[in-house]
């Protein structure tokens, strides 16, 4: 970072902007996990460029585009755009868009952390708490605009299942195998808070479904179920705001333990910013535009990919979308599990699941409400039951405060069984909402 010492776009009052120990509580497990996928840039050649403006632009490009191990997937973004405009096969557009979203999601986390150098820990923490799952949120909004409520529900529930079972299970399994002779420990207090939040979300998902099937006629519960879902969404958003206050202010010590260990091991309390404030904001806006564009491609081509590959839309949305969209975040969680730092791995998996369940899902219901679209929290029996079992199994797994590879294996096998269930399921997508799929006998009762 020595070449940055005199760059005016990185200076604050004449000194390089650094991240000190007291600012670290603004960083979340998401940002720390993405650190493991970043690579140090060699700025020797760029620093010799005589023009300061051109040098700054090249430094930005090098840090943002090439400063990640996922930079090999960056060409998928222009390839997806070319494939769309040249009329290539729709499944190809779907695949290229998914691959292009993978590095973009990781880069948004990186740029958000860079902006946090200048905004302070509080605003930085809020940015991480709201931008951690921006990819899922944008995909959901585009799906809502196309009235594909089924895709919205499937993809968001798939993200919850993926984080709780696949990411956490793989992390505990790999960490247990890599540290088989060590007792892996973690602070269960953070897990307890996230488990309570997930159980609250589950209650809000269960009630509209139970309310619908408890009535003599399903048609009589459509409007009351919708009103209940919107009220529950407002409650969940309020609970999420309190959760952010709990995490960033009143009980932030529960989320700082791993930071202190990391500082001690590295022997350094400071880190320098590598891009400037306004550069970071510009990059964040640009990345969001590209994510929105690729998300639109994904939504528009998912049904074509489903028909071409013979796979149901539910399987693509619940299994494939979350795996590819969060690949960078998932890889970071597994890497920290290998290093016996389970607090970060748990923070990534549980934190992301909580953010989807308590923030993104209710926000989509509210956004749909403003758009005049009737989206409720009734995710159907199979989907809601899968999420309920995932939350319960995960809560039991994290009770002891210690881990071994057997816990991870069980979570992973649960995910495989649920994935197999949606692989063989064939739910028609010609209706506007998955909640319209009613078992035989309900209407005839």
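Each Cβ is built from the backbone N, Cα and C atoms, and glycine gets one as well.
What TrEMBL says about this protein:
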type	residues	note
DOMAIN	92-249	domain 'Sodium/calcium exchanger membrane region'
TRANSMEM	154-178	transmembrane segment
TRANSMEM	198-222	transmembrane segment
TRANSMEM	234-255	transmembrane segment
TRANSMEM	275-299	transmembrane segment
DOMAIN	280-418	domain 'Sodium/calcium exchanger membrane region'
TRANSMEM	311-338	transmembrane segment
TRANSMEM	344-369	transmembrane segment
TRANSMEM	381-398	transmembrane segment
TRANSMEM	404-424	transmembrane segment
Within-chain partners of the transmembrane segment (344-369) [C-beta distance under 8 Å, separation at least 6 from its ends]: 28-30, 32-33, 129-130, 132-133, 136-137, 140-141, 144, 149, 152, 156, 159-160, 163-164, 167-168, 171-172, 175, 186, 190-191, 194-195, 197-198, 200-202, 204, 229-230, 232-234, 236-237, 239-240, 243, 255, 258, 326, 329-330, 332-334, 336-337, 375-377, 394, 398
Secondary structure tally of the domain 'Sodium/calcium exchanger membrane region' (280-418) (DSSP, helix then strand then coil): 115 helix, 2 strand, 22 coil
Stretch of maximal Cβ-Cβ contact with the transmembrane segment (381-398) [cut-off: under 8 Å; candidates 154-178, 275-299, 404-424]: 154-178
Stretch with greatest number of CB pairs under 8 Å, the transmembrane segment (404-424) reference, 154-178, 275-299, 311-338 candidates: 154-178
